[in-house]
Amino acid sequence: MGCGCSSHPEDDWMENIDVCENCHYPIVPLDGKGTLLIRNGSEVRDPLVTYEGSNPPASPLQDNLVIALHSYEPSHDGDLGFEKGEQLRILEQSGEWWKAQSLTTGQEGFIPFNFVAKANSLEPEPWFFKNLSRKDAERQLLAPGNTHGSFLIRESESTAGSFSLSVRDFDQNQGEVVKHYKIRNLDNGGFYISPRITFPGLHELVRHYTNASDGLCTRLSRPCQTQKPQKPWWEDEWEVPRETLKLVERLGAGQFGEVWMGYYNGHTKVAVKSLKQGSMSPDAFLAEANLMKQLQHQRLVRLYAVVTQEPIYIITEYMENGSLVDFLKTPSGIKLTINKLLDMAAQIAEGMAFIEERNYIHRDLRAANILVSDTLSCKIADFGLARLIEDNEYTAREGAKFPIKWTAPEAINYGTFTIKSDVWSFGILLTEIVTHGRIPYPGMTNPEVIQNLERGYRMVRPDNCPEELYQLMRLCWKERPEDRPTFDYLRSVLEDFFTATEGQYQPQP
């Protein structure tokens, strides 16, 4: 006997409890074929699902077969084009470009790894998301393009070999929310959410709950919609000729120079940062850029290539909504709820935790250096560039360009930049987020900020800022750097804060 509840502390699952009306014991599933034995020994099968015979085990020779999730048009010497649904055999699997052979044409070449999925597995299913966290499942389902009933199945974070169902729902009090169900495994290979009905495979489970909600918060409507992935950068293209870039639209100007939207080789949309001549040594920049390109994380803007002759160009991935400080002031940014604002802060903390783990330093962390995608994903830009600037207006604390209001006291006074001075800056960035881009220390000049900080002053709590969030800011502004929290701690607190404000899920009926 036993119930279907999850007791794992990390997961807020919908409870999967069904109790027999006669004996009042929890109902226990007995097999994985969609059947359930009851007292008179009769068999119950789900009338909403078409059951299929079990598939024979795949041949080891099929392990290197993949299916194209998207069509791909070749654009380099040596890459291989293919159509959506085409099968290919992987010949070499290394980096982000895999050598493959098309089973349709017999041709060989390199293919982008993120355009294909392993054949004879769950990966080609539009509703299956491999290696997706609970938090990222919520972000994806709440992104534009998804609606009530949009869903996905992902691998469980807490239990290896298990799965979770995440569904977008509407709550009268909270609005659009995502609810999670633990998909439980049977000993003989079947699955169930509610022990009233079991399934031989996830396909049958999805078909059943697409036909009827049957105790879930809503009927499953369609798989979570995602954008076609951007193909990886061609690995040999690092120092590129200036003529390979076409600058199309000037997006803005910052401390280091201008930023443009453009195209590389006429087909790849990129952002191009053009650095002011004399702003930094080309040799020092190239050395730093070689370090920066090793820092690859979903919360960091990807560095693709460089032009090392002055004016120096930095070519990165393009982020449709521009800088966070500007986006927060747009009509779309102003409408963001506190939950979404906190989620953006959690994303930034996640990226900075990666920088922290790699023993790197940003040195110029603020909302102007955070970029926002069209799905409201936040990524950190310009990490490491600040220390290369050779402009006295930027490097001296009296300089007009020095970001005094974001800089920790020890960095202002002694030039001591560490990951803990980045933590101070993150606390200031939090004020930018909750005020939708307001300049910190409103009404104060830079000299006044320095004088007040030396007297122990700290920025007051902004309007509409939760007290718990303000206390987190104050932790970031501790006088002694070693007393400030880690970015990993900040990430966990912000993610927990975001989850806690969603409220508790109701038990499944």
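Using the three backbone atoms N, Cα and C, a Cβ is placed for every residue, glycine included.
DSSP assigns LYS99 (ubiquitin cross-link) to a strand in the three-state reduction. Here Swiss-Prot flags LYS99 (among others) as ubiquitin cross-link.
According to Swiss-Prot, the feature ubiquitin cross-link maps to LYS276 (among others). The number of other Cβ atoms within 10 Å of the Cβ belonging to LYS276 (ubiquitin cross-link), over all protein chains shown, comes to 16.
Mean model confidence of the domain 'SH2' (127-224) amounts to 91 (pLDDT, 0 to 100 scale). For 127-224, the entry in Swiss-Prot reads domain 'SH2'.
Among the features that Swiss-Prot reports, domain 'Protein kinase' is placed at 245-498.
What Swiss-Prot lists as S-palmitoyl cysteine is CYS3 (among others).
Summarising the annotation, Swiss-Prot assigns S-palmitoyl cysteine to CYS5 (among others) and lists similarity to another entry as the type of evidence.
With a 10 A radius on its CB, SER102 (phosphoserine) counts 19 other CB atoms from all the protein chains. The phosphoserine feature in Swiss-Prot is assigned to SER102 (among others).
According to Swiss-Prot, the phosphothreonine annotation covers THR159, on the basis of a large-scale study or a structure entry. According to DSSP, THR159 (phosphothreonine) sits in a coil region rather than a helix or strand.
Listed in sequence order, GLU155, SER156, LYS182, ILE183, ARG184, ASN185 are the same-chain residues six or more apart from SER162 (phosphoserine) with CB atoms under 8 A from its CB. Under the heading phosphoserine, Swiss-Prot lists SER162 (among others).
Swiss-Prot lists SER194 (among others) with the feature phosphoserine. All chains included, 22 other C-beta atoms sit within 10 angstroms of the C-beta of SER194 (phosphoserine). DSSP assigns SER194 (phosphoserine) to coil in the three-state reduction, placing it in neither a helix nor a strand.
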Under 8 Å by Cβ from LYS99 (ubiquitin cross-link), same chain, sequence gap 6 or more: ILE90, LEU91, GLU92, GLU108, GLY109, PHE110, ILE111
When distances run from the Cα of LYS276 (ubiquitin cross-link) to each of the modified residues SER102, THR159, SER194, the nearest one: SER102
Structural state census, the domain 'SH2' (127-224) (DSSP three-state): 18 helix, 31 strand, 49 coil
Nearest-integer angstrom distance between the alpha carbons (Cα) of THR159 (phosphothreonine) and SER194 (phosphoserine): 18
